[in-house]
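What TrEMBL records for this protein:
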type: BINDING; residues: 38; note: pyridoxal 5'-phosphate binding site
type: BINDING; residues: 60, 61, 68, 276; note: substrate binding site
type: BINDING; residues: 234, 361, 426; note: tRNA binding site
type: MOD_RES; residues: 247; note: N6-(pyridoxal phosphate)lysine
type: REGION; residues: 424-449; note: region 'Disordered'
type: COMPBIAS; residues: 424-434; note: compositional bias 'Basic and acidic residues'
């Protein structure tokens, strides 16, 4: 049926299935005689075993989703993977999605592929409307495709940074709809930024007949992000949404899923991919989903949501103990932010030092964001880079509850963060007292003079 099995398979069953697929490929035929330049020859047995002898990759030179006559097994693997992934996207909340395919590139390059496909539909367009999110790959995806990003600054509502819908519409009117390739919005993001107002953006795109591409990098694991995409497609226009394989399905980096509601447009994107492609990302995600089954994946989504509530409540307690606060970002379902106002006020370098202290204590993924950092990306200068705004009111620390996180991860993180904050506070007090003594000595010397 091309759907994810309800209950996961054991490893020996999965391996038997993969071997059955592999013997359908011509390079594994006993009497095969290859005289071409690409015959699935592999010098190392270790490499062959690593790929289950599925060597031919996926697609043909003109279409990444096409069937290869001499690689029936690899082609079947590709078709099945896309079908199973489509089933999971529907299960995760986007019920009306019609088509998707796995592409062996991470999210940024997959977004670039979407923009390049739109170029042929809108040859006059040179701009992409982009509500600001301080993440380099999604910004560079537009530059690499040869377009000019039009950055729309976010609006501060309480602690949250939200989409400025009025500014988006005003910019469309100022530039002219025919000159705009698309609106490039975002769901999953670091707090205090929250997912874009997808429904309102989708309605604007429908009204002005402008394509809409959504960066849903790690949004599949969030029912809220998926609901936003579903609502956007129902109320207005969403042409494609792109999500990472590693962030949502716990596989190695290197793959993404491009999905959408118009089957022919998604096929156009797959035909835009030049040449054949690696089967590794498809193989990894198929093995993972067959192992988990639909029930296993649903359980992971449930556990992630529970861990988000736990992380939120425990981080709030820790923040209160250190006279800081958990920023109020109810519209962000994955990422949390804790203020570092006291640390920042006592010592300029203390905030970035906290980040390095956590890293050396083997805490990965926590982001420490100081105030006022400036960064230039492809000749565009961002003030307050990493905070998604020119002047966010305070420095802060990010932590996320992503798929696969365990209670032990949260507990160990909070314990180490608590120690680091205590150490930072002691050092800040020492430095402050040294500076006060130094200043008083200088004052005394001036009086003597």
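The backbone N, Cα and C atoms fix where each Cβ goes, and this holds for glycine too.
Sequence features annotated in TrEMBL and their locations in the structure.
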residue	record	contacts (Cβ under 8 Å, 6+ apart)
38	pyridoxal 5'-phosphate binding site	56
60	substrate binding site	66, 67, 68, 276
61	substrate binding site	274, 275, 276
234	tRNA binding site	96
247	N6-(pyridoxal phosphate)lysine	188, 217, 218, 221, 402, 403
361	tRNA binding site	416, 419, 420
426	tRNA binding site	none
Applying a 10 Å Cβ distance cut-off over all chains shown, what neighbour count does residue 68 (substrate binding site) have? 18
Setting 60, 61, 68, 276 aside, what same-chain residues sit with their Cβ within 8 Å of the center of the Cβ atoms that define the substrate site, listed in sequence order? 57, 59, 62, 63, 66, 275
Assuming the binding residues for tRNA are exactly those in the record, 234, 361, 426, what is the maximum CA-CA distance in angstrom, rounded? 54
Across every protein chain in view, the count of C-beta atoms other than its own within 10 A of the C-beta of residue 276 (substrate binding site) is 21
Between all pairs in 60, 61, 68, 276 (listed as substrate binders), what's the biggest Cα distance, rounded to the nearest Å? 10
